[in-house]
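J.: Here's a structure for you.
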Amino acid sequence: MARLLRALRGLPWLEAPGRARGCAGSGRGDTGSLIKSKLSLSKADWQKKLTPEQFYVTREKGTEAPFSGMYLKNKETGMYHCVCCDSPLFSSEKKYCSGTGWPSFSEAHGTKGSDESHTGILRRLDTSLGCPRMEVVCKQCEAHLGHVFPDGPDPTGQRFCINSVALKFKPSKP
């Protein structure tokens, strides 16, 4: 618990909602773009756009069953995007097998050192289960993606534990 709290203290906190946000890519196969405004749909519109499972996870902060996600064992090279708004979120280059049952990444796409200001994600404190965790949401549409924990591999020490159903994979072009 102390390790988690120390890790939380050193993290960048939320940007104000509604501000223009950068979601720039980095180099090879750049899939980033400047996001000019936050995507906001009604509950009914999200339900029309998404499958019931996608809606439950991304809009109601649900969690898919462990070891059930379609991207858990995906080893293709490419980019993982938000299933709701198509923002680039995680590169396959930062994906690893954590053994937890969900796709895991060591950092978000666009991270520069410890600076996540050019990524497609935001972190939010989640105390819903009675112990503090760091929720990961999409900057563009605020979709719940999963959580990040301070028990990942070097050099970041982070484990972004992300629901497959919240992602859309786009393979790199040859």
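Note: Cβ is positioned from N, Cα and C throughout, glycine not excepted.
What Swiss-Prot lists as transit peptide is 1-61, and the listing cites sequence analysis. As annotated by Swiss-Prot, domain 'MsrB' applies to 62-172. According to Swiss-Prot, the feature Zn(2+) binding site maps to Cys82, Cys85, Cys138, Cys141. Feature annotation from Swiss-Prot assigns active site, nucleophile to Cys161.
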J.: Roughly how many Å lie between the Cα atoms of Cys141 (Zn(2+) binding site) and Cys161 (active site, nucleophile), rounded to a whole value?
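T.: Each residue's Cα considered, Cys141 (Zn(2+) binding site) and Cys161 (active site, nucleophile) end up 19 Å apart.
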J.: Note the Cβ centroid of Cys82, Cys85, Cys138, Cys141, the recorded Zn(2+) site, then list each other residue of that chain whose Cβ lies within 8 Å of it, in sequence.
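T.: So the extra residues in range turn out to be Leu39, Thr58, Val83, Cys84, Asp86, Ser87, Gly120, Lys139, Gln140, Glu142, Ala143.
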J.: What are the DSSP helix/strand/coil residue counts across the domain 'MsrB' (62-172)?
T.: 6 helix, 42 strand, 63 coil
J.: Would you say which of the recorded positions Cys85, Cys138, Cys141, Cys161 has the most Cβ atoms within 10 Å of its own Cβ?
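T.: That would be Cys138, with the most Cβ atoms nearby.
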J.: For the C-alpha pair, I'd like the distance in angstrom between Cys161 (active site, nucleophile) and Cys82 (Zn(2+) binding site), rounded off.
T.: 14
